[in-house]
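Peer 1: Handing you this structure, nothing more for now.
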There are 2 protein chains.
Amino acid sequence: MITLKGAEVSAKIKEQTAEMLKQCGGRIPKLAIVRVGENPDDLSYERGAVKKMAAFGLSAEVYAYPADIGDEAFKAEFQKINGDPEVDGILLLRPLPKQIHEREIERMIDPEKDLDGISPENIAKVFAGDSSGYAPCTAEAVVETLKAFEIPISGKRAVIVGRSMVVGKPLSMLLLKENATVTICHTRTVNLRETCRNAEILVAAAGRAKMLDKESVGKDAVVIDVGINVDENGKLCGDVDFETLEGTASMATPVPGGIGAVTTAVLAKHLVMAAARKG
Amino acid sequence: MITLKGAEVSAKIKEQTAEMLKQCGGRIPKLAIVRVGENPDDLSYERGAVKKMAAFGLSAEVYAYPADIGDEAFKAEFQKINGDPEVDGILLLRPLPKQIHEREIERMIDPEKDLDGISPENIAKVFAGDSSGYAPCTAEAVVETLKAFEIPISGKRAVIVGRSMVVGKPLSMLLLKENATVTICHTRTVNLRETCRNAEILVAAAGRAKMLDKESVGKDAVVIDVGINVDENGKLCGDVDFETLEGTASMATPVPGGIGAVTTAVLAKHLVMAAARKG
C-alpha cells in the first residue's frame, strides 16, 4: 500500500502559489485568522495555518477575542477586519460561541476574502461547479490530493462518509464536478460497511476515531482520511484505522501527515488567489 | 405496481396551502411569471403554473419579453417586478437567452420572492439543510411525493440520475436531510444500470426519453420520474419507460400525471409561504 503524504501535495501547491505570487507585484498577501475563545482545536489549526503561511512566504495575523465577547461587539470587530484593505483573506475559526450569530457572519463576510467558503455566494458557486469562488479548504484538499497523485476521479465510484458543511457536502459537489459517481453516507446509513466496500475512492470525514477499518475498504481502493481525532491513548488519529489497511487499500492518507497539511496549503493558495485578484 | 399520481399529492399540498392562506388576511398572493421569448417548454410550464395558481385560489401574472431584449433593458424590467410590493413571488423561466447575464439575475432576485430557489441565499440554505428558504420546486416535489405516499426515506438507498442545479444537486441535499444514503449518477457514471438497480428509491432526472427501463430498477424499488421529454412519436414521456416496470418496481410516478403536477403545487405553496411571511 502506498502512503499518500500530505507534504508532497503541499509542496506541489507551494510551487503553484509561488507562480501566482508574482502577480501580486511584490506585496505580501495577508491572512486574518479570526478566533473567539481558546478552543484547543482552533489553536491547533491556527498554529498550523500560521506556520504554513510563513513557509509559503505569506503573512498571517491572529485576531483573538474572549470567549464571552458579545454578538454586536464581535460583529463590529469583524466588520473592521472585513473592510481592512490590508487584509486579503479571512479564516474564521468555527464554531463560534453560541451568543454570536454565525449565520449573520457568513452573510457579512466579503465573498472575495472568504477563503474557507462559508458565504452563501461561495457555497452557491461550489454547488454550481463554478470554480471562481472559494470552496471549503478541507474539501478542496481532498481533490487536490487525488490530483497530485494522479489518481483518476472521472467515472469512479466515490463514497464519502460524513455530510458536514465543511467536508462532506461541498466535497460531494467537487467530486461530481470531476465526474465521479458520488455516494454520501452518514450515521443513518444502513449497511455502511458494504457501501464503503463498493467505493473506488473512499473519503472518511465523519469525525469518529478509527470508525472505518479494512472491513470497510474494497480491494485496491484509495482511502482519504479527513478525520482528526484523539484515540483512547490520547494520540492523534483519523477516522480510519490506517494500520489495518495493508493488503486491502492500494493507497491511503495517514493521520497526521495527510490531508491536514494539504488543507492549510489550499488556504495559502486561496490567499494568494484573493490577493492576485485584487491586483 | 402502484402508480403514484401527482394529482393526489397536489391535492394534499392544496389543503396545506389553504390553511396557510388564512394567515394572509384575505389578500390573494400574486405570482409573477417572467418569461423571455416563446420557448415551447417555457410556455407549457407557464400554462401549468397559471392553471395551478387559479386552482389554488392564487393570482398569477405573466411578464413576457421579446427573445432579443437587451441585458440592461431586461434587468430594469426585472428590478421593477422584484421591487413591486404587489408581487409576492417570482418564477423566472430559464434558461434565459444568452445576451442576458443569468448569474446576475440570480443575485438580483429578492431571496424572499425567489420561489424556485435560484438565488445564492436559497441555494446555500438548501445546502445547509435550512428549510427557511425555497428549494427548487421540482426537487422539493420529489420529496413531497415520497412523503405524501408515506414512503420511508430515512436510511434508504436513494439514487439520483442527473446532476442539474434544478433537480439532481438540490435533491441530493433534500434527500440527505431526510437521512437517505444518496448516490448521484450522471452521463459519466460507469455501470449506470447496476448502480440504479441497487436503489431503493430511484429518481430519474437526466432529461433523456425512456433512458431507464426495468433492467435499471431493483425489485420493489420506488421509481420517481422527473423527466419531461417527447418520444419518437411526439408523445410526452419521462426518463423511465414506465410500461416496462410492472413486476419490478413497487411504485412509480407516471409521465404525464406525476411529478409535473406536484412541482406547480409546490410553487403555489411557496407563493403562499412568501405572502404569509410578508404578513
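Backbone N, Cα and C atoms are what each Cβ position is placed from, and that goes for glycine too.
Annotations in TrEMBL come from automatic prediction, not curation.
These figures come from a predicted structure and were not determined experimentally.
For reference, TrEMBL lists these features for the protein:
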DOMAIN    A:4-116  domain 'Tetrahydrofolate dehydrogenase/cyclohydrolase catalytic'
DOMAIN    A:136-277  domain 'Tetrahydrofolate dehydrogenase/cyclohydrolase NAD(P)-binding'
BINDING   A:GLY162, A:ARG163, A:SER164, A:ILE228  NADP(+) binding site
Peer 1: May I ask you to pick out the binding-site residues among A:GLY162, A:ARG163, A:SER164, A:ILE228 with a CB closer than 8 angstroms to chain B's CB atoms, ordered by sequence, or 'none' if no residue qualifies?
Peer 2: A:ARG163
Peer 1: What kind of secondary structure is A:SER164 (NADP(+) binding site) part of, going by DSSP in three states?
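Peer 2: Going by the DSSP assignment, A:SER164 (NADP(+) binding site) belongs to neither helix nor strand, so it counts as coil.
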Peer 1: What is the biggest Cα to Cα gap, in Å, among A:GLY162, A:ARG163, A:SER164, A:ILE228, the residues listed as binding NADP(+)?
Peer 2: 16
Peer 1: Can you name the residues of this chain that are 6 or more positions from A:SER164 (NADP(+) binding site) yet have a C-beta less than 8 Å from its C-beta?
Peer 2: A:ALA205, A:GLY207
Peer 1: Report the DSSP secondary-structure composition of the domain 'Tetrahydrofolate dehydrogenase/cyclohydrolase catalytic' (A:4-116) as helix, strand and coil residue counts.
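Peer 2: Counting residues per DSSP class in the domain 'Tetrahydrofolate dehydrogenase/cyclohydrolase catalytic' (A:4-116), I get 55 helix, 19 strand, 39 coil.
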Peer 1: Which number gives the other C-beta atoms within 10 angstroms of the C-beta of A:ILE228 (NADP(+) binding site), all protein chains shown included?
Peer 2: 21
Peer 1: For the domain 'Tetrahydrofolate dehydrogenase/cyclohydrolase NAD(P)-binding' (A:136-277), jot down how many residues DSSP puts in helix, in strand and in coil.
Peer 2: 53 helix, 26 strand, 63 coil
Peer 1: When you measure from the Cβ of A:ARG163 (NADP(+) binding site), which residues in the chain that are at least 6 apart have a Cβ under 8 Å away?
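Peer 2: A:ARG163 (NADP(+) binding site) has long-range Cβ partners A:LYS169, A:ILE184, A:HIS186.
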Peer 1: What residues, ordered by sequence, lie under 8 A Cβ-to-Cβ from A:GLY162 (NADP(+) binding site) and sit at least six positions away in the same chain?
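Peer 2: A:GLY168, A:CYS185, A:HIS186, A:VAL203, A:ALA204, A:ALA205, A:ALA206, A:GLY207, A:VAL226, A:ASP239 - these are the non-local Cβ neighbours of A:GLY162 (NADP(+) binding site), listed in sequence order.
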